[in-house]
Each structure stands twice: as structure tokens, then as C-alpha cells.
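Report on the following structure.
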Amino acid sequence: LGTDIISPPVCGNELLEVGEECDCGFPRNCRDPCCDATTCKLHSWVECESGECCGQCKFTSAGNECRPARSECDIAESCTGQSADCPMDDFHRNGQPCLNNFGYCYNGNCPILYHQCYALFGSNVYEAEDSCFERNQKGDDDGYCRKENGEKIPCAPEDVKCGRLYCKDNSPGPNDSCKTFNSNEDDHKEMVLPGTKCADGKVCSNGHCVDVASAY
């Protein structure tokens, strides 16, 4: 019967092997302050080696910010002093008003039509007039609210702001007052994002404009 020959671990070869907690090379070359290069074990005082809340082999002090808030709907996370990891990402409750009541919080963001138009087309592009969104009642390539089994479902009159996204191009020269985004890869980009404010006290949910209190 053949047998596998397993070489004994060699401390100092910069390979983490069985029985070693670390291996940073020979003592004169070691650049890892957490590792005892003579034993290939972590120093007894080491609390961590890496992580957003780890510095110089110790847990970062409690209260040090490790993940800044990305919007007014997000919550900044701080180290606990007991772990090398930043706490799980948390955010303000869905439906909380944001951006001076222009929107409502949704999963840490504040989705509004203007920001969606800007993200797709850049500067000088804004939310289109209400008349453009009326096209979403047609239920065709130009305008619809959602897809069911590949079929484009028209919007009810009260849901038109929750279908296809329409933007207004204010660039100099001839421009499109009912500009839409066309994507062969991701038709979700063509649509108003979930959680977007569609009327006072209402947000978009699955192609419907519903009361914010019942949406979440």
C-alpha cells in the first residue's frame, strides 16, 4: 500500500502549516507584529490579526466608526471593542421621510425619480412631466407597470409613477422631454425603483402606488 509522506512543519518558511498559528518567516525578516517568529504562534496578548475593527493586533476601541452612513437613511456602524468585525449593516426604518420629504427611506437609501434619472443619463436630466408617465397606461414597449409571464401589464391611472421611468432632458439644443432608458440586459433599469415616492404618503411596490404604512 502506498503511503503519503507528510513533511513536518518548518517554522520560518512563510507557509502556514499544521500546528502553526502564523508563519512570517525568520525573525529578522518578520513584518507581522502579531506573530512570534520563533515559535510560529501568535503572541499571548494578540486579540485579532485583521478586520475592520482590528489594529496592531488589538480590537479597535468601542465607538470608532467602521462603516460610515451612505445616506440619511443609513446608520453609521461603530466598533464594539469586542470583535475585529464591523457590526452588521443597519439602516433607518423603511418609510421614514427623507430628503426634505421628497422621498421615503428604503433599505438604507432614499430613492427619488430625479436621482434615478441622473444615475442613468447624467446631469441636465430631471424627472419628466406627469404627462409622460401617463404613457404607462398603454401596456406596450413605450409604457407599462410590470411584467407577468413576459406580458407587459398597463398601469392603472393611480400607478403611472410606478412603471417605466421617464426623464426630461434639459441639455442645450433639441432634446427629449419624455426620455426613457432602453436596456437589452436589465429591464429593471427602465423602471421606477421600488420604494420610490409616487404621491404624498405613497411609495412604489411591485408596480403599484401604495400607502407607505402598508408597504413595509
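Including glycine, each Cβ sits where the backbone N, Cα and C put it.
ASP23 (Ca(2+) binding site) falls outside any helix or strand according to DSSP and counts as coil. Taking a C-beta cut-off of under 8 Å and a sequence gap of six or more, ASP23 (Ca(2+) binding site) has these contacts in its own chain: CYS11, GLY12, ASN13, GLU14, LEU15, LEU16, GLU17, CYS35, CYS40. The Ca(2+) binding site annotation in Swiss-Prot covers VAL10, ASN13, LEU15, GLU17, GLU20, ASP23 and is backed by similarity to another entry.
As annotated by Swiss-Prot, disulfide bond applies to CYS11-CYS40 (among others), with the evidence given as sequence analysis.
There are 23 other CB atoms within 10 A of the CB of CYS35 (disulfide bond), with all protein chains counted. Under the heading disulfide bond, Swiss-Prot lists CYS22-CYS35 (among others).
CYS24 (disulfide bond) is surrounded by 19 other CB atoms, counting those within 10 A of its CB over all protein chains shown. Positions annotated as disulfide bond by Swiss-Prot, on the basis of sequence analysis: CYS24-CYS30 (among others).
The disulfide bond feature in Swiss-Prot is assigned to CYS34-CYS57 (among others). For CYS34 (disulfide bond), the count of additional Cβ atoms within 10 Å of its Cβ stands at 19 [all protein chains shown]. CYS34 (disulfide bond) carries neither a helix nor a strand DSSP state and counts as coil.
The disulfide bond annotation in Swiss-Prot covers CYS48-CYS54 (among others). All protein chains included, CYS48 (disulfide bond) registers 18 other Cβ atoms within 10 Å of its own Cβ.
Taking the Cβ of CYS86 (disulfide bond) as reference, residues of its chain lying under 8 Å away and at least six apart in sequence are, in sequence order, GLY51, GLU52, CYS53, CYS66, ARG67, GLU77, CYS79. The annotation disulfide bond is assigned in Swiss-Prot to CYS66-CYS86 (among others).
According to Swiss-Prot, the disulfide bond annotation covers CYS73-CYS105 (among others), on the basis of sequence analysis. All chains included, 24 other C-beta atoms sit within 10 angstroms of the C-beta of CYS73 (disulfide bond).
In the three-state DSSP scheme, CYS98 (disulfide bond) is classed as strand. Annotation for CYS98 (disulfide bond): spatial neighbours SER71, GLU72, CYS73, TYR104, CYS105, CYS110, criterion Cβ-Cβ under 8 Å with sequence separation of six or more. Per Swiss-Prot, the feature disulfide bond maps to CYS98-CYS110 (among others).
For CYS117 (disulfide bond), the number of other Cβ atoms no farther than 10 Å from its own Cβ, over all displayed protein chains, is 22. Among the features that Swiss-Prot reports, disulfide bond is placed at CYS117-CYS167 (among others), with the record citing sequence analysis.
Taken from Swiss-Prot, the feature disulfide bond covers CYS132-CYS178 (among others), and the record attributes it to sequence analysis. For the recorded site, CYS178 (disulfide bond), the DSSP three-state label reads coil. Listed in sequence order, ALA128, GLU129, SER131, CYS132, ARG135, TYR166, LYS168 are the same-chain residues six or more apart from CYS178 (disulfide bond) with CB atoms under 8 A from its CB.
All protein chains considered, the CB of CYS155 (disulfide bond) has 25 other CB atoms within 10 Å. Among the features that Swiss-Prot reports, disulfide bond is placed at CYS145-CYS155 (among others), with the record citing sequence analysis.
If you look up Swiss-Prot, you'll see CYS162-CYS204 (among others) marked as disulfide bond. Around the Cβ of CYS204 (disulfide bond), the same chain contributes LYS161, CYS162, VAL192, LEU193, PRO194, GLY195, THR196, CYS198, VAL210, each under 8 angstroms and 6 or more positions distant in sequence. DSSP assigns CYS204 (disulfide bond) to a strand in the three-state reduction.
As annotated by Swiss-Prot, domain 'Disintegrin' applies to 8-94.
Other C-beta atoms found within 10 angstroms of the C-beta of ASN175 (N-linked glycosylation site) number 12, with every protein chain shown included. The N-linked glycosylation site annotation in Swiss-Prot covers ASN175.
Between the listed disulfide-bonded residues, namely CYS54, CYS105, CYS110, CYS145, CYS162, the fewest other CB atoms within 10 angstroms of a CB are found at CYS54. A simple way to gauge crowding: the CB of CYS66 (disulfide bond) has 16 other CB atoms within 10 angstroms, across all the protein chains here. Taking only the Cα positions, the spacing between CYS22 (disulfide bond) and CYS54 (disulfide bond) is 17 angstrom.
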